[in-house]
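**Student:** Sharing a structure with you now.
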């Protein structure tokens, strides 16, 4: 169906542009962007995500460093390792793959990553800049915005260029998607309603929306009754079920024919998240050279 949004195709366009930009940057600086990925433990899903990030990074000319640590590592020891990467001038950007083991203080770890290398956009300084309205999606800003939120916004603007006044219902309040995306949509002059698992009358709220973003983490939770024929549906859910199959928060098979546009899972927002992670990494590289190379 032509109303199904091909996130992989959109992501590939971004990656091709980044590949050309990296080639130009390398000719100017004789260096390449480098992304450090800190992975604690051997969570199968995390390993798959990390491999995809590394594969796409190498495809466009971004070097990577994978730091794989044992689940027995203590919070302070992990912070020490992160500080080493903070002070490594070859590292442009850094992410800590989530989730972390329960024994590790996630907030301390995310705060330990230098805000200037925080290409996931999770450092409290970057979070504060976004929600205070100080920064926007401009690549001239020296702060970072969470990649999934950027990917969602890019998809939404592709299919609804004039967002001013649109009613967007964001279902989910995480720091990774719901909160940052809501902040970005407010900057686009949308009327944003944030819902979550405790929201009453969720169906009637979503039904009135122009755009619905599903990021609630509940497989196939949103059925056709939640949407109107003009709805644009962005499904951010990644839910693993039997046989390692991945499904979204939206009942895709029964919803796709009832709405204007919809993203599939997989193949929707996932590839866009990786594309914007790598875009943030290139931005971090340019920021680190800007004072001496005038990039």
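Even glycines carry a Cβ here, placed using N, Cα and C.
For 172, 173, 174, 197, 238, the entry in Swiss-Prot reads NADP(+) binding site.
Can you tell me where each of these features sits in the structure?
**Tutor:** Summarising the environment of residue 238 (NADP(+) binding site), the number of other Cβ atoms within 10 Å of its Cβ, over all protein chains shown, is 19.
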**Student:** Pick from 172, 174, 197: which of these binding-site residues has the biggest number of other Cβ atoms within 10 Å of its Cβ?
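**Tutor:** That would be 172, with the highest Cβ count within 10 Å.
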**Student:** Taking the residues 172, 173, 174, 197, 238 listed for NADP(+), what is the greatest CA to CA distance in Å, to the nearest whole number?
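**Tutor:** The two farthest binding residues have Cα atoms 16 Å apart.
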**Student:** Return the residues near residue 173 (NADP(+) binding site), defined as same-chain residues 6+ apart in sequence whose C-beta is under 8 angstroms from its C-beta, sorted by sequence, else 'none'.
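**Tutor:** Result: 179, 194, 196.
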